[in-house]
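According to TrEMBL:
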type     : residues : note
DOMAIN   : 495-544  : domain 'Cationic amino acid transporter C-terminal'
TRANSMEM : 51-72    : transmembrane segment
TRANSMEM : 112-133  : transmembrane segment
TRANSMEM : 175-199  : transmembrane segment
TRANSMEM : 206-226  : transmembrane segment
TRANSMEM : 246-267  : transmembrane segment
TRANSMEM : 279-305  : transmembrane segment
TRANSMEM : 325-348  : transmembrane segment
TRANSMEM : 381-399  : transmembrane segment
TRANSMEM : 435-460  : transmembrane segment
TRANSMEM : 466-485  : transmembrane segment
TRANSMEM : 497-516  : transmembrane segment
TRANSMEM : 522-540  : transmembrane segment
Amino acid sequence: MDDSRHKDATSSSTCFSHFCSSALRAKTLKSSSSANNSSDGLIRRLGVLDLILLGVGASIGAGIFVVTGTVARDAGPGVTISFILAGASCVLNALCYAELASRFPAIVGGAYLYAYTAFNEITAFLVFMQLMLDYHIGAASIARSLASYVATIFELIPALKGNIPPWVGHGGQEFFGGTLSINILAPILLAVLTVILCLGVGESSAVNSFMTAAKVVIVIFVIIVGSFKVDVDNWSPFAPNGVKHIFTGATVVFFAYVGFDAVANSAEESKRPQRDLPIGILGSLLVCVVLYVGVCLVITGMVPYNLLGEDAPLSEAFTSKGLKYVSILISIGAVAGLTTTLLVGLYVQSRLYLGLGRDGLLPSIFAKVHPIRHTPIHSQIWVGIIAAVLGGLFNVHILSHILSVGSLTGYSVVAACVVTLRWKNNTGNRVSSKCISTWCEGVLCIFLVACCGFAAGVLYRFGTHFIFMIVAVVIAIMACAALCFRQAYSDPPGFSCPWVPIVPSVCIFFNIFLFAQLHYEAWIRFIFLSIVSVGIYAFYGQYHANPRSDETIIYHMAPEEDRH
């Protein structure tokens, strides 16, 4: 019996030891002068304009016509400052993404790949799971919204007005007390977009470019027409409810910019990734900032902020000025915006699945690329099916309050990756005790900045005395100072984020501050999904993962044929 117990203890110890060694291994990457363009891989077709339109398409949906007005009801004309502050914060995050996209431009994976390289396997898998839940629920929710807009446009036909049943497009037909909510138009729209994505990146990019261009033209037209109806007296008082509402508005509208990170996941399909990816990330974000600020100035100038509608404020503002035709254009723009957001979202999901399939953390079927279409068809169909099931059978809008966790997690991890990958003693293996000690100290400082961000966010949320928030900020500054003076930093190849580690530390602090503003169920979702992710990794990932460097190539220079 003693022997049996000893064997069980030894077996448990061996399993735990294997789990730890697997979970803590990092992905090592080797350099090469060219990218891997095998016949059965992805194909490089995206230019810099395609990448900018990809980012704009992912970021600006129907929300530009709605969220601008709803936040303005609280912040007043100061909502313009809210969007500028949120945009500035996103620019800092975008600088971090741009550096890593330039550093690892030949491989798909985005935040997952960066975490795998800078930290370890389990961290990368946790980032993937948090991002993917956001993407899956978000795609289903957007598909339902798009179905509702499409049904509304169909009702412009007199014979269909008022005759389209709920189970076709408007919301959904509920059964079993709302447990099921049937909507058949959402899966149909998802199937069409999935087919477009399976045809090839050239075809899907053309659709995205056309729809995004149409959307941007409509937004610019709305801004120009609305500017002639602006009454500058409506901009006074500029902050009727105080500065706090402007800052609170910034935390809300931050999520209106989410999407620029989609550009980083097109690394293997960009013609000149090391140059074009940073331009695509930062360029798309700056376009979004300009458009959002323009719409804010117009809507708050046309109608007093306290008279703005709740459901469709921009559309109602133009209708009140006798410009009903602009409201129709806004509906068309909303359809275009939702279509591009959904299209890019499905595209990004498939590339993330492709990356994990290659690394063995998911079944190898996700790693297969069609030899003719050069798209990960299995991954693409899989994400389309998941979104269709969720969007066709459930009212996923009620889950919107647990979203954004993945985005904030991904942004924070990417900022941390910029810092750790700049350390001169970050050799990947970290064999010497001095390297391990220095690395652990740096990671502890980054973690302390994140904890201070969460503490400050919770204190702000519950309205405690500002002195406690100042304490949290001071501790974060001290941790950032330790990162500045106790670590040695090297210059990366390609694009370089300025003021490292200060800029990444500010990103981490603000992202986790925003995390603290989310619904408490979002916190529960984060913890629960993390536990589930560790379980999946323990039973599958650790035994199949294969982060070998000889299968990965870093792209440092554009191929000869793409330089001209």
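Note that Cβ sites are derived from N, Cα and C of the backbone, with glycine treated the same way.
What TrEMBL says about a protein is an automatic prediction, not a curated fact.
The structure displayed is predicted, hence computed values, not measured ones.
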| message | As a test of reading the model: what is the averaged pLDDT for the domain 'Cationic amino acid transporter C-terminal' (495-544)? | response | 94
| query | Which one, 51-72, 112-133, 175-199, 206-226, 466-485, has the most C-beta pairs under 8 Å toward the transmembrane segment (246-267)? | reply | 51-72
| Same-chain residues at least 6 beyond the ends of the transmembrane segment (325-348) whose Cβ lies under 8 Å from its Cβ atoms | 54, 56-65, 110, 135, 138-139, 142-143, 145-146, 149-150, 152-153, 189-190, 193-194, 196-197, 204, 207-208, 211-212, 214-215, 218-219, 221-222, 225-226, 259, 262, 265-266, 312, 314-316, 318-319, 380, 383-384, 387
| query | Do at least three CB pairs under 8 A connect the transmembrane segment (51-72) and the transmembrane segment (279-305), leaving out pairs fewer than 6 apart in sequence? | reply | yes
| query | Of the stretches 175-199, 206-226, 497-516, which racks up the most C-beta pairs under 8 Å with the transmembrane segment (51-72)? | reply | 206-226
| DSSP says what for the domain 'Cationic amino acid transporter C-terminal' (495-544): how many helix, strand, coil residues? | 41 helix, 0 strand, 9 coil
